[in-house]
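Straight from TrEMBL, the features:
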- B:561-583: region 'Disordered' (REGION)
- B:6-25: transmembrane segment (TRANSMEM)
- B:76-96: transmembrane segment (TRANSMEM)
- B:116-133: transmembrane segment (TRANSMEM)
- B:153-171: transmembrane segment (TRANSMEM)
- B:183-201: transmembrane segment (TRANSMEM)
- B:306-328: transmembrane segment (TRANSMEM)
- B:340-359: transmembrane segment (TRANSMEM)
- B:396-420: transmembrane segment (TRANSMEM)
- B:440-459: transmembrane segment (TRANSMEM)
- B:465-486: transmembrane segment (TRANSMEM)
- B:493-517: transmembrane segment (TRANSMEM)
- B:529-552: transmembrane segment (TRANSMEM)
Amino acid sequence: MNGALLGVCGVLLLAVGVLVGRWSARPRRTAGAGAGALTEASTLAALHAASLAAPPLRAGLNESTAGKSARRIRDLLGTRAVCLTDRASVLTWDGIGGDHHRAEALAQAASMLQERRAAAVPTGCHKPGCPLGWAFVAPLTVEDEVLGTLIAYGPAESAGLVRAAEEVARWISVQLELAELDRSRTRLIEAEIRALRAQISPHFIYNSLAAIASFVRTDPDRARELLLEFADFTRYSFRRHGDFTTLAEELHSIEQYLTLAGARFGDRLEVTLQVAPEVLPVTLPFLCLQPLVENAVKHGLEDSAGTSHITITAQDAGVDAIVAIEDDGAGMDPRHLGRILDGEGGPSTGIGLRNVDQRLRQVYGDGYGLVAETGVEAGMKVTVRIPKYHKGVLPSPGPAR
Amino acid sequence: MNAAYTVPAIVLVILATVLIGALGLRISRTTSDFYVASRSVNPGLNAAAISGEYLSAASFLGIAGLILVYGPNMLWYPFGFTAGYLVLLLLVAAPLRRSGAYTLPDFAEARLESRYVHRVASVFVVGVGWLYLVPQLQGAGLTMTVITGAPRWAGGLLVAAVVTVVVAAGGMRSITFVQAFQYWLKLTALLVPAAFLLVAWQTHDGHRLAYGKQLTFRERTHVTLSSPLDLSVTRPVRVTVTGDVDGRGYAGTTLDLGPGRHHVEQGARLDFAAGTPVPDTVVMSGGRADQSVDSGPQPHSLYTTYSLIIATLLGTMGLPHVVVRYYTSPTGAAARRTTVVVLVLLGAFYLLSPVYGMLARLHAPDLILTGDSDAAVLVLPARLIRGVTGELLGSLLSAGAFAAFLATTSGLTIAVTGVLTKHVLPSRGRTSWGVRRFRWVTLLATGVPAVAQVLLGDLPVADSVGMAFALSAAAFCPLLTLGIWWRRLTPQGAAAGLVVGGGSALAAVVATIVGGMDGGWWASLLGSPALWSVPLSFLVTVIVSLATQGGVPGGTEAMMRRLHTPEDPGGRPDPAAVRGAGG
Amino acid sequence: MSVEPIPRREVVTRSPNRPRKAPVSPPVSAARAAVHEDPRLHSLMRRQLRSSLVGVVALAVPTALLPLLLVLAPASGGIRSGPGLTWLILGFACYPPLVLLGWWYVRRAERHERDFARRTEGD
């Protein structure tokens, strides 16, 4: 009895597995109900298909993103075949007939690249039974420049399909423009990082070298050691490649920074470091802690003559690591800091804090921004939460040597 | 067992764990020793931490208990628990580390770029974690019962509560040190009593061993049954009974039990003379029947053995708390070296299991009848060594057992909580909600197995751990090995393999736990599913992948490069070397 | 001397009411596009896989044969019997070979990686 039951269960399970495999392999076809039968249902279906097609396109137009969204676009148009091209090549073909129509798609697109208007073109297909008699071509434009074309195929000429292809192409164009916007935002932040690197240099280099120079006579060994630290530190800060680094590397660079700062400030700078070693391999955006430490040193020492204490802690918190940098220096008006983080603090102030905040949010999402605790004359504590793993965040392989 | 020594020992273990967890951070106050404080975990320390977290109640208590009941064939467990790390080393250690993944779903997402596979994998990680947590809590309950006479479920709830509070309060900030400490504690707790016991064995028994199946009572032994029992007698047994046997009441009557089955009621007191053969029991656990320890080889013992080997060898790589510890290694090469040290540390620990198993067979066969065989390790010192020394050694063992529950339970809880917070219950909240949410999820992570251990009663500890390994092997071994070595793996293939392989193993495990299998081949197939479900899982993964080659992720080549390219050893000069050169 | 009030800190983050942006996934696509099949990497992978498989076979064959051997051995007769051998092999003798095999593999794998690094350096 049990045997039979189990056998049935086994077969069922196998069937489920195969179905799951197929289901994840193929998109669910949105119900292609008769036109106008259930307007609400078809509107919802169209919106659903559109929302699924959008995310890949937000990364720009290339083979991979076109491939991912083509099925959804075909669902949206309700045609048997859809093709996306850029100016030079066919990016993807979804649906039937790719074997003999794909080659000529670019020729159909070519006229469009000048005309910039949607049009219907006969394919002149002689293959019996092929339902792709007409191609409906519409341009994809970003900032008045044609990036590529959307081609839908149908059995007969239809003004409706021309309209539909044009509308969908316009919608795709909007997505691509947004993608362009994302890219410029990224470029802006990258430019800021470069500015940040450049900003460290003049002041810091001058002060460090002056401190080192003061040791050359009195303590040549120490001068030599500091010089090595200095070389190493600048090498890390000015490296050109890679967006990410590990917490161990970043802490190492902070260590060098503090050694050099210590040479300048002597006993006035006290530092405590607490590190849970399991968070050292955590990957994080390049130079996202060092500006915070620099900030703490500035707040603690540059505006006063007393001693300053800085505490740096790195803790394990399950899926996240938590890094906190605390100083007992001058502190700040919380409202002023809030304005800085909102990007309203004027061009020159606190570019480090805002840049770090922006980059963390950009990479990990809005839940991972800086949290600062401060008050006038109350010191400041800045806390950063970093996920141990985040999709796409991987340390850059070291420089090839 | 004397609670006066044992309870303080356990309290000490808990306190030490909490203190190391909270304070064991590396702290430096001058910039000159910054380098020491921010140095990565070396392979030795990380290996001790991995071993400490891995050596669970099943290893500390369960194996000796199984050897007592089922004989030396159960030594396949410690062998498999160790050899699993060799397979992990050979096939996945370095690439897994280089993938940057903290959990298995992370690996699936990084390699296959699919939210869907990642979700399915998360569900299985939580399943394996919970299945592994239940026996830990049960072992804790058993230990508490032996020590204080508290009900079975109480100890499990105690450990669950301690771990929940410590983890939820963020008290495991330096888990590497905690777990490394737990390894050395467990090794000491097993090694010191073993030395005493071996001396006692030499004087009592004069090197007598008991390899064979048939056990005898060495001295006059009373057994009072706390639950009904079926005896399967092959050689006639003379026993003095007070209570009900085969439906008849006796009051101190001496009976000769002939060959066949005999049913003894709960509360009966059995009195065996010295030299009487120990009757075999028909173990009734959670409704599962007939793992009879008959004198001939068991009907499916060869199948069960092979299934166990497959489960432990291929399942280790998928255990959630194991994967998480590998993240701590700074490089892939360090991960490999760590694993070799783990092999040494585990091998050293498991050399002690047969010692305890053998001594239990000689001196504690009555535990088979009372169903407390998992407590064999704990009661042995009192049996062999009279007086305070025996009591103290017993407390040391109990403390070690508690270290085992705490280490594995906290490791699993952190891993399961991590997967639940990040992958299963996605957060849309703000940062401030994070901490409170983490606490609730921790409660969920320990609460489910805590309730389950109360409901399920007593499965043998090492046996249910075996099921967790089988599930892990069926679900994750194909995903990991094919993900690392095979470019043509697709998300569809991986998902199908997870669902069919992992799903069928899960179904088998659930069927076994819920019961209804009345012996025979089906019980064996379902109780030890690895031998069929792992090949099935591989097969489905490969076939579906080949059928969906269009789905090969675009980043496969880049990911392969990352997984197999050694990290740059000299990206920046080793500061120590530079300083050394500086004189 | 008057006691100064202890200055209080306030928690500051970026205003939550700013428009939320979905995280932009880091620019992996560019890095990915640049990756083409590298014959040296393929050769490294092949060599690593070969070493791994040699190790797996060296583990699997004895492990697969041992249960059969133990079942076929005589049921009684001291240490040479099936149970006796089980105690001896599984209880004690199996661990050193496991460690040695692991150690051998680590050396092989690291040698392959050193060779790979040396060949990439020659660029």
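Just so you know, glycine gets a Cβ as well, placed from its N, Cα and C.
Nobody curates TrEMBL annotations by hand; they come from automatic prediction.
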- Between the transmembrane segment (B:153-171) and the stretches B:116-133, B:183-201, B:396-420, B:440-459, B:465-486, work out which stretch tops the count of Cβ pairs under 8 Å. B:440-459
- Query: Per the 3+ Cβ pairs under 8 Å rule, pairs at least 6 apart in sequence, do the transmembrane segment (B:465-486) and the transmembrane segment (B:340-359) touch?
  - Reply: no
- Task: Rank B:116-133, B:306-328, B:396-420, B:493-517 by Cβ pairs under 8 Å to the transmembrane segment (B:6-25) and hand me the top one.
- Result: B:396-420
- With an 8 Å cut-off on Cβ pairs and a sequence gap of 6 or more, do the transmembrane segment (B:116-133) and the transmembrane segment (B:396-420) reach 3 or more such pairs? yes
- Tertiary contacts of the transmembrane segment (B:76-96) (same chain, 6+ residues out, Cβ under 8 Å): 54, 58-59, 62-63, 66, 107, 305, 308-309, 311-317, 322-323, 326, 332-333, 335-336, 338-340, 342-343, 346-347, 350, 353, 462, 466, 469, 480-481, 484-485, 563-564
- Message: Counting only residues 6 or more past its boundaries, what in the same chain has a CB within less than 8 Å of a CB in the transmembrane segment (B:440-459)?
- Response: 129-130, 133-138, 141-142, 152-153, 156-157, 160, 163-164, 167-168, 285-286, 288, 371, 409, 413, 416-417, 420-421, 425, 513
- Counting only residues 6+ away from its ends, which parts of the chain sit with a Cβ under 8 Å from the transmembrane segment (B:396-420)? 1, 6, 9-10, 12-14, 17, 52-57, 59-61, 102-103, 105, 122, 125-126, 129-130, 132-133, 136-137, 139-140, 143, 146-147, 159-160, 162-164, 166-167, 172, 175, 178-179, 182-183, 185-186, 188-190, 192-193, 320-321, 323-325, 377-378, 380-381, 438, 441-442, 444-446
- Message: Counting only residues 6 or more past its boundaries, what in the same chain has a CB within less than 8 Å of a CB in the transmembrane segment (B:183-201)?
- Response: 13, 16, 48-49, 51-52, 55, 60, 207, 345, 348-349, 352, 355-356, 359, 362, 377, 380-381, 384-385, 389, 393-394, 396-397, 399-401, 403-404, 407
- Query: Apart from its near flanks, which chain residues at least 6 from the ends of the transmembrane segment (B:493-517) lie with a Cβ under 8 angstroms of it?
  - Reply: 108, 112, 114, 116-117, 120-121, 124, 127, 131, 286-288, 456, 459, 464, 467, 470-471, 473-476, 478-479, 482-483, 523, 525-527, 529-530, 533-534, 536-538, 540-548
- Taking residues 6+ outside the transmembrane segment (B:340-359), which of them lie with a CB under 8 Å of any CB in it? 43-44, 47-48, 50-51, 54-55, 59, 63-64, 66-68, 72, 74-75, 78-79, 81-82, 85-86, 89, 183, 186-187, 190-191, 194, 197-198, 201, 209-210, 376-377, 380, 384
